[in-house]
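Novice: My structure is below; once you've seen it, I'll send some questions.
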Amino acid sequence: FLLYSFPAVVWGGLVYGAQMMWLSLIGNTQSIIYGEPPYNFSANAVGLTNLGAFGGCVIGMVVGGYLVDHSSILLARRNNGILEPEFRLYSMIIPTIANAGGLLAYGLGSYYEAHWAISVVIGQGLLGVAMGASGAICLTYAVDCYHNLASESIVFILFVRNMIGMIFCFVFEDWLEGCGLSLTTWLMFMLSILINGSFIVFIKWGKTFRRMTMAAYAKYSDPLYGDIFRKKS
């Protein structure tokens, strides 16, 4: 938990946690949306709508993996061969747009009773792209920033992610009942832009943040640092 002072790690947990919110959104609303009029899907058909998100996740993994690596290498070549961790963040524009568009297609498409393909193929598909790409980008960015604390960073990010996902599951039903599907969709749209779009802050000041945490990073990554917690015999 000492990594709470590392902005890149905290940001990674926040972005990754947001993706769990959208995953919970799909899981909590599928049966309500598709099992009732005008769609009237059977239980099996409702389950098959997950194929939209699955296909999007596959595309998102390609974006968050190969595309990010390739674009980072190209940027490093223009930077005299020096690879900065922030080069990975330029590709965040893709999941940011996909996330926002997917939420609108899924929520508003269902609200206005559009053809099921709008919310399933486009909506869940774009959300899948965002979930697959964002997690990979924020994790690798944090590891690139603090590679000697890679395992600790990942554990912290996953903890934050799971906490956000858990809280969202508890509050979403009341949120939906209080605001309705249309307003809830627009609020989540703005929230996704705010959270995912914060990558711009790290593109501009990420290197400054790393310099600010340089002393703490050197201290925590020292193999002998844990000895201070051991009782003297």
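Just so it is clear, glycine is given a Cβ too, placed from its N, Cα and C backbone atoms.
Automatic, uncurated: that is what TrEMBL annotation is.
Not my notes, these are from TrEMBL:
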type	residues	note
TRANSMEM	41-68	transmembrane segment
TRANSMEM	89-108	transmembrane segment
TRANSMEM	114-142	transmembrane segment
TRANSMEM	154-173	transmembrane segment
TRANSMEM	185-205	transmembrane segment
Novice: Please work out whether the transmembrane segment (185-205) lies in contact with the transmembrane segment (89-108), by counting C-beta pairs under 8 angstroms that are 6 or more apart in sequence and asking whether there are at least 3.
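Specialist: Yes, the transmembrane segment (185-205) and the transmembrane segment (89-108) are in contact.
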Novice: Short question: which residues 6 or more past the ends of the transmembrane segment (89-108) have a Cβ under 8 Å from it?
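Specialist: Tertiary neighbours of the transmembrane segment (89-108) are 18-19, 22, 25-26, 56, 60, 63-64, 67-68, 71, 75, 114, 118-119, 122-131, 133-134, 137, 141, 181-182, 184-185, 188-189, 192-193, 196-197, 199, 202-203, 206.
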